[in-house]
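Please read the structure below before turning to the comments.
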Amino acid sequence: MDLTEDDKTHLVWLNALGLSRREFLPESPRYLVSANRLSEAERIVQEMFRVNKITPLEGRLTTSVAPSKRRNHLKELFSKQYRLTTLMLPTIWFGAAFGYYGVVLLSAEIFRFRHACYGASLPLLTPQLLSNLTETSLKLTAVHQVLPHEDGSCCQNLSDDDFIAMIISSIGEFVNIPIIILFIDLLGRKITMGLWNGVTGLMFFILYICMSRQTMTGVLFGVRAMSAGLLSLAYVYTSEVFPTTVRALAVGIFSSISRLGAMSTPYVAQVMLPEFSEIGALSLYAVIGILCAILSFLLPIETAGRELPRIAKCENVLSSYIRPTGL
């Protein structure tokens, strides 16, 4: 493929932008200390003092724990302490993305196929109306043979009211934020995550019912609000339950698994629902949501009010303290 001069210029700027980030994203001093690279960690801390115009403290960085030889080792995720958690979280992450992106895509499909529930039915075919339709169809047939046309028989346009209802339901994602902040500390991470998954699954079952547009908007508002918090809860719990040595590895692996849920949900929401079975598609979302709720309640570790584990076998790590010289 031949690149134009503009394409080459854009590539140069993109590469330059990526390289420039190194100046603003220094390595973590905590990581450097755990890797026994104390001089590099101290240099970054001193640079922090300089940039923030703070008088540097005299002393040096120390650690009371030997550097971990198992840093970022996959086997640590399957150690006795974390094995069950590691096996349960992938399903929860998958279900979180599958449910959230599913309800986003489902919104348009639900409104398209539920017009009969809103009273938007066809008019009664009287003899006079039938005669008019027959005459009109003959005229359209003649035009059809001459003019180019496009078959739109499988498409149903959304009305203005449908778009307004979808916008209103999407506001639920913003309403969810303060509620989840309150409940995540009040009830704990596990219970909150279980409730959010369970309610999301039950609301998919409610979508079976033929209801008015206003009621449908309210249900979609609720399911958008609950599903929007699923990934946030998964991120919070995963980053708190694992020790520093494997925390980034765990979040990276599980968030990648969630992308599989995001990639697979369009086939259910936009292929299975309109072309095969509406009930089957909604049931799949509901069952996965309830399964994730059960797994959330069964997670072996509650992280609310618990100190973050720094190293799996040693909680009391004095890695980032600055001790005065000579002590």
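Just so you know, glycine gets a Cβ as well, placed from its N, Cα and C.
Cβ atoms under 8 Å from those of the transmembrane segment (84-103) belong to residues 77-78, 193, 197, 200-201, 204, 220, 223-224, 227-228, 230-231, 233-234, 237-238, 241, 250, 253-255, 257-262, 264-266, 268-269, 285, 288-289, 291-292, 295-296, 298-301 of the same chain, restricted to positions at least 6 beyond its ends. Annotated transmembrane segment per TrEMBL: 84-103 (among others), in sequence order.
The transmembrane segment feature in TrEMBL is assigned to 163-184 (among others).
As annotated by TrEMBL, transmembrane segment applies to 191-209 (among others).
Annotation source TrEMBL lists transmembrane segment at 215-237 (among others).
Proximity of distant same-chain residues to the transmembrane segment (281-301), defined by a Cβ-Cβ separation under 8 Å and at least 6 residues beyond the stretch ends, is recorded for 84-85, 88-89, 91-92, 94-96, 98-99, 102-103, 106, 190-191, 193-195, 197-198, 200-202, 204-205, 207-208, 230, 237, 241, 268-269, 272-273. Feature annotation from TrEMBL assigns transmembrane segment to 281-301 (among others).
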